[in-house]
Amino acid sequence: MGFRWTSPLAQVLAVGVICFCCPGMFNALNSLGGGGQVDSKVGQNANVALYTCFAIFGLLSGAIHNKLGPKWTIFIGCLSYVLYVGSLLCYNHTQAGAFTIASGGILGVGAGMLWTAQGAMMMAYPREQDKGKFIGYFWAIFNMGAVLGSVIALAINFNVTEVQSLGDSTYIVFLVIMGVGTLTALSLAPASSVTHSNGDHIKVQEFPTWIGEIKAILKLFSEWKMVVLIPMFLSSNWFYSYHFSTVNGRYFSIRTQSLNNILYWASQIGGSYSFARVLDYQGVNRRTRALWGLSIISTAFIATWVGGIFFQRTYTIDMPKPNHDFKEGASYVGPLFLYMFYGLNDAAWQTYIYWMMGAMSNDATVLSRYAGFYKCIQSCGAAISWRINAVRTPFMTELIICFALLGLSVPGALFLASRIQDHSDEDIEPEKNSQDLEKF
């Protein structure tokens, strides 16, 4: 069968392109530390506003998506990314920090909508045996946006070695790319029109009422499958403030930050895609794959963060900014590889979370609620971590908090992984579809 725009793969790839243009460009900026501004405190406080609003509206965005559908939910979300980058461009000329912080809050609302819709599509559209593959495809395309954004920043700022903000031209290029992504969102098909190659439709429940939808969302706080994953959700963006502000933004020169980010996000592409293939391996049952996956990511983050402890001992918050440059040669290689492994671990961690949620249901309506709940908890963690970063917490303390949260995530994930079945709940006969732990 030829190409169909309403096929699950085409729709997920389209969302990947949209996220390439909008969140991908945002990630490239955010990973420079302070959105590319010398006064990183404005960017840090904007991130606090962003993730605080993201937490609130992430939870509600499942209901919004189930009412509006993916096209308008994602389109509105994309507009908020354009506004935020525009506020950074404005800040270059006016130093209006309040506008940037307010734009960060608005972005939190929009990002909650976009990422909830994206998560529902990525988890609900593929067949069960292809969920890891679709996650890998999306993550690769999405992170190519951050790679491209970092290449653009590096090219424009290649001859800049002293500490200074990004120039207007960088922000303008990012605005244009985000505009393309925003318009692309208008081409997305309704979930009811998306069909598999054999004509099967995506599972979508009829929207009940706003009260009924909100009740269904609030019930997630008592659903054991969600509760045991809360530490994992909380930790999944907590480390970004440490990666982007404390490591990349503090330790390296502006052009080296861009080079580092090219490799950080490229590592995410490889990490997500290769790990997704492990999770989709059909030679063993899904429970075994879940346990294998948890073992791999746990081993990887322990090794990486132990290495991070040794690196963090080389500089502190009270020291002048080291401003290390890639032209220093051999002394640059070690910190670079550590930063790349931070990126790889992040991709594998989030790929595993999405795959686990996708193993619980195939219904787009249910999965939009799961995605919104995930983004709510994730953003709570990110808001707290960026605030911790903004109040000049000692760098080693930041690292230990990140490491501890990752470690605390493992027991809950293990509890759920050991109960994964080969088919999601609604595909089991109704009389067997129990909420009891033993039946999942």
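Yeah, the Cβs are placed from backbone N, Cα and C, and that goes for glycine too.
Features of the protein shown, as given by TrEMBL:
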TRANSMEM  12-28  transmembrane segment
TRANSMEM  48-65  transmembrane segment
TRANSMEM  72-91  transmembrane segment
TRANSMEM  97-117  transmembrane segment
TRANSMEM  137-158  transmembrane segment
TRANSMEM  170-189  transmembrane segment
TRANSMEM  224-242  transmembrane segment
TRANSMEM  291-312  transmembrane segment
TRANSMEM  332-355  transmembrane segment
TRANSMEM  395-417  transmembrane segment
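Beyond its flanks by at least six residues, the transmembrane segment (332-355) meets 119, 122-123, 131-132, 135-136, 139, 143, 229, 232-233, 235-236, 239, 243, 247-248, 251-252, 256, 260, 263-272, 275-276, 279, 293-294, 296-297, 300-301, 304, 307-308, 311, 324-326, 374, 406, 413 of its own chain at Cβ-Cβ distances under 8 Å.
Packing against the transmembrane segment (48-65) from elsewhere in the chain are residues 73, 84, 101-102, 104-109, 111-113, 115-117, 120, 210, 213-214, 217, 237, 368-380, 382-383, 386-387, 390: each is 6 or more residues past its ends and has a CB under 8 Å from a CB in it.
Outside the transmembrane segment (170-189), and at least 6 residues removed from its termini, the chain residues within Cβ reach (under 8 Å) are 5-6, 11, 14-15, 17-22, 25, 28-29, 36, 70-71, 74-75, 77-79, 81-82, 85-86, 88-89, 92, 145, 148-149, 152-153, 156-157. It is 12-28 that, among the stretches 12-28, 137-158, 224-242, 395-417, forms the most Cβ pairs under 8 Å with the transmembrane segment (97-117). Using the rule of three or more Cβ pairs under 8 Å, pairs at least 6 apart in sequence, the transmembrane segment (137-158) is not in contact with the transmembrane segment (224-242).
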